[in-house]
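Colleague: Starting off with a structure, shown below.
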Amino acid sequence: MGKKQNKKKVEEVLEEEEEEYVVEKVLDRRVVKGKVEYLLKWKGFSDEDNTWEPEENLDCPDLIAEFLQSQKTAHETDKSEGGKRKADSDSEDKGEESKPKKKKEESEKPRGFARGLEPERIIGATDSSGELMFLMKWKNSDEADLVPAKEANVKCPQVVISFYEERLTWHSYPSEDDDKKDDKN
């Protein structure tokens, strides 16, 4: 597999002396030994080169958020069409019927602040759904959820501030005093 370099990451790559692959799309999610992993489609590579990667190694919060949002939308569609699908699945064997039940139970568990967990940090942000959402990592959990920014601003303002502070960049410009010092020399 050849290596591709994201131009936005050039500075980081030079510091780490390591090239980064560019994620095209997040395809799936799983939990292995308590760690969340995502199945990734790599830009410029075929589907044969898709790989499962641990969440902590990834730097694509927008793509993860987009994937989680699409899963949420797909689940809501499944609920509205649930009756029709069951009638059509009479010919399926029992092993296959139990899989959707497990997935349904898993996705009906509380998400976001409804889980009652304490926020640890914000991994990323997206507005792909038309509303600003944060990808929130929870303390004592390997899972992350999309939560509305409005809700996070009220329930954990310090976590939100930390997220923005981590991303602040300061640009220093020469002041007039510096210019005068240069003229005297």
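Think of each number as a place in line: the chain as shown, counted from 1.
Glycine too: its Cβ is placed from the backbone N, Cα and C atoms.
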Colleague: Of SER46, SER89, SER172, which does Swiss-Prot mark as phosphoserine?
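Modeller: Checked Swiss-Prot: the phosphoserine annotation sits on SER89.
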Colleague: If you check Swiss-Prot, which of SER91, SER98, SER129 turns up marked as phosphoserine?
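Modeller: Per Swiss-Prot, phosphoserine applies to SER91.
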Colleague: Can you dig through Swiss-Prot and tell me which residue of LYS25, LYS35, LYS41, LYS150 is labelled SUMO2 cross-link?
Modeller: LYS150
Colleague: Can you give me the Cα-Cα distance between TYR21 (site 'Histone H3K9me2 binding') and TRP42 (site 'Histone H3A7 binding') in Å, rounded to a whole number?
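Modeller: It is 7 Å, counting Cα to Cα.
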Colleague: Taking just the CA atoms, what is the gap between PHE45 (site 'Histone H3K9me2 binding') and CYS60 (site 'Histone H3A7 binding') in Å?
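Modeller: Checking the Cα atoms of PHE45 (site 'Histone H3K9me2 binding') and CYS60 (site 'Histone H3A7 binding') gives a distance of 17 Å.
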Colleague: Between the Cα atoms of LEU58 (site 'Histone H3A7 binding') and VAL23 (site 'Histone H3A7 binding'), find the distance and write it as a whole number of Å.
Modeller: 9
Colleague: Taking only the Cα atoms, work out how far VAL23 (site 'Histone H3A7 binding') lies from TRP42 (site 'Histone H3A7 binding'), in Å, as a whole number.
Modeller: 5
Colleague: DSSP on LYS150 (SUMO2 cross-link), three-state: which is it?
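Modeller: In three-state terms, LYS150 (SUMO2 cross-link) counts as helix.
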Colleague: Give the helix, strand or coil assignment DSSP yields for VAL23 (site 'Histone H3A7 binding').
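Modeller: The residue in question, VAL23 (site 'Histone H3A7 binding'), is strand (DSSP, three-state).
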